[in-house]
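Q: What follows is a structure written as structure tokens; I'll ask about it next.
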Amino acid sequence: MIICSAPGKVYLFGEHAVVYGEPAICCAVDIRTRVSVAPADSITISSSLGTTGIDFETHPYVSAVVERFQDISSLEGVSISIESEIPVGSGLGSSAAVTIATIKALDALLGTDLELDDVARTGHEVEQRIQGAASQTDTYVCTMGGVVMIPQRKGLDLIDCGIVIGNTNIFSSTKELVANVAELNESFPDVIGPVLSSIGKMSVTGEELVNAKDYVSVGKLMNINQGLLDAIGVGCSELSSFTYAARNSGAYGAKITGAGGGGCMVAIAPHERVDGVAAAIAIAGGEVVVTKATDIGVRVESL
Ligand SMILES: Nc1ncnc2c1ncn2[C@@H]1O[C@H](COP(=O)(O)OP(=O)(O)O)[C@@H](O)[C@H]1O
Ligand SMILES: C[C@@](O)(CCOP(=O)(O)O)CC(=O)O
Ligand SMILES: [Mg+2]
């Protein structure tokens, strides 16, 4: 049996705008999805969502990965088992993590010898197929780890501060939220276009600030980014309440991470303020995950 794992991620800046070609800064975090694969007579995919064969209702991402390997190798049967610390449909990149860990595990099992760039590219193609429109951000960051600027694929310094995530536990589908933003952009292109390009400018300014470890300024920009995410309709009252709770208890800054509409917000905070920020988000009703940036991308855990 082969086991591979891949990390989740948070966006410091740029979700949604990155789908329109604007830059984003995304950070791999220390919560992971593990995928085990073993030779078998037929195809079985088993996760907390159920046990199926190739099934685009229950396991769209993993099914699409299996179909890719059927195209490039002689794959007929395999047993795939998924365990994840990343909440599903939450903005933490669970779809990218399960996709990338499955690609790496099947690559190791079938000896297809994919380079890391090929793993990321194949993962992006799968996200595009299932999500409709998808940027390369989640699949690239989850493959490589670290803090990455997209589309430049430039590695930035790992952020050295607390990362506190607040989960609304409201499931939100990235595909739907991306489609909603597209609709808004079609209705009001002259209004939404500049909002998306302003978000992109925050990533450009944010790059230098991250590398300078100026987290006070990074936090201020994250707060501005949050206002613009609200403006494009991907907020909700719980996300707003958690972001204000985090800011009022000493976070550098706080915003939605990922698709929004539910899912998670992320705060960055001085290490000594992490407990206070976590408590404030919990009192506001959030399920809290305290984590840190990681430079460990996809990896083989055991062969
Ligand atoms: N542990 C898992 N096991 C099986 N499928 C998963 C798992 N985690 C995520 N997925 C797939 O990813 C989808 C959620 O992806 P998405 O809507 O992009 O949200 P997220 O923000 O979590 O990436 C799920 O509906 C499921 O198809
Ligand atoms: C909204 C978007 O920018 C990020 C989505 O992230 P997640 O699936 O919510 O973790 C979409 C994308 O980049 O493909
Ligand atoms: Mg996703």
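Here the Cβ of each residue, glycine as well, is placed from N, Cα and C on the backbone.
Annotated active site, proton acceptor per TrEMBL: Asp138, in sequence order. The ATP binding site annotation in TrEMBL covers Pro87, Val88, Gly89, Ser90, Gly91, Leu92, Gly93, Ser94, Ser95, Ala96, Ala97. As annotated by TrEMBL, domain 'GHMP kinase N-terminal' applies to 61-146. According to TrEMBL, the feature domain 'GHMP kinase C-terminal' maps to 209-282.
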Q: Ten-angstrom check, please: count other Cβ atoms within 10 Å of the Cβ of Gly89 (ATP binding site), all chains counted.
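A: Cβ-Cβ neighbours of Gly89 (ATP binding site) within 10 Å number 17.
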Q: Per DSSP, how many helix, strand and coil residues does the domain 'GHMP kinase C-terminal' (209-282) have?
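A: Looking at the domain 'GHMP kinase C-terminal' (209-282) with DSSP, the answer is 44 helix, 11 strand, 19 coil.
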Q: Need one number: mean pLDDT over the domain 'GHMP kinase N-terminal' (61-146).
A: 94
Q: Could you round the CA separation between Ser95 (ATP binding site) and the residue listed as 'active site, proton acceptor' to a whole angstrom and send it over?
A: 9
Q: Fewest other C-beta atoms within 10 angstroms of its own C-beta: which of the binding-site residues Pro87, Gly91, Gly93 fits that?
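A: Each of the binding-site residues Pro87, Gly91, Gly93 was scored by Cβ atoms within 10 Å; lowest is Pro87.
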Q: What is the total of other Cβ atoms whose distance to the Cβ of Ala97 (ATP binding site) is within 10 Å?
A: 32
Q: For a three-state summary based on DSSP, what are the helix, strand and coil counts in the domain 'GHMP kinase N-terminal' (61-146)?
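A: Its residues divide into 53 helix, 7 strand, 26 coil.
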Q: Specify all same-chain residues, apart from the site residues Pro87, Val88, Gly89, Ser90, Gly91, Leu92, Gly93, Ser94, Ser95, Ala96, Ala97, whose Cβ lies within 8 angstroms of the center of the Cβ atoms of the ATP site, ordered by sequence.
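A: Near the ATP site, beyond Pro87, Val88, Gly89, Ser90, Gly91, Leu92, Gly93, Ser94, Ser95, Ala96, Ala97, sit Gly8, Ile86, Gly258, Gly263.
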Q: Just jot down the residues in the same chain as Asp138 (active site, proton acceptor), at least 6 apart in sequence, with C-beta under 8 A of its C-beta; none if empty.
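A: For Asp138 (active site, proton acceptor), the qualifying residues are Lys9, Cys26, Gly93, Ser95, Ala96, Glu127.
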Q: Around Ser95 (ATP binding site), how many other C-beta atoms are within 10 angstroms of its C-beta?
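A: Other Cβ atoms within 10 Å of Ser95 (ATP binding site): 28.
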Q: Relative to ligand 2, which of the binding-site residues Pro87, Gly89, Gly91, Gly93, Ala97 have a Cβ found under 6 Å from one of its atoms?
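A: Checked binding-site residues vs ligand 2; flagged Gly91, Gly93.
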Q: With the Cβ atom as the reference point and anything under 6 Å counting, tell me which of the binding-site residues (Pro87, Gly89, Gly91, Ser95, Ala97) are near ligand 3.
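A: Near the molecule: Ser95.
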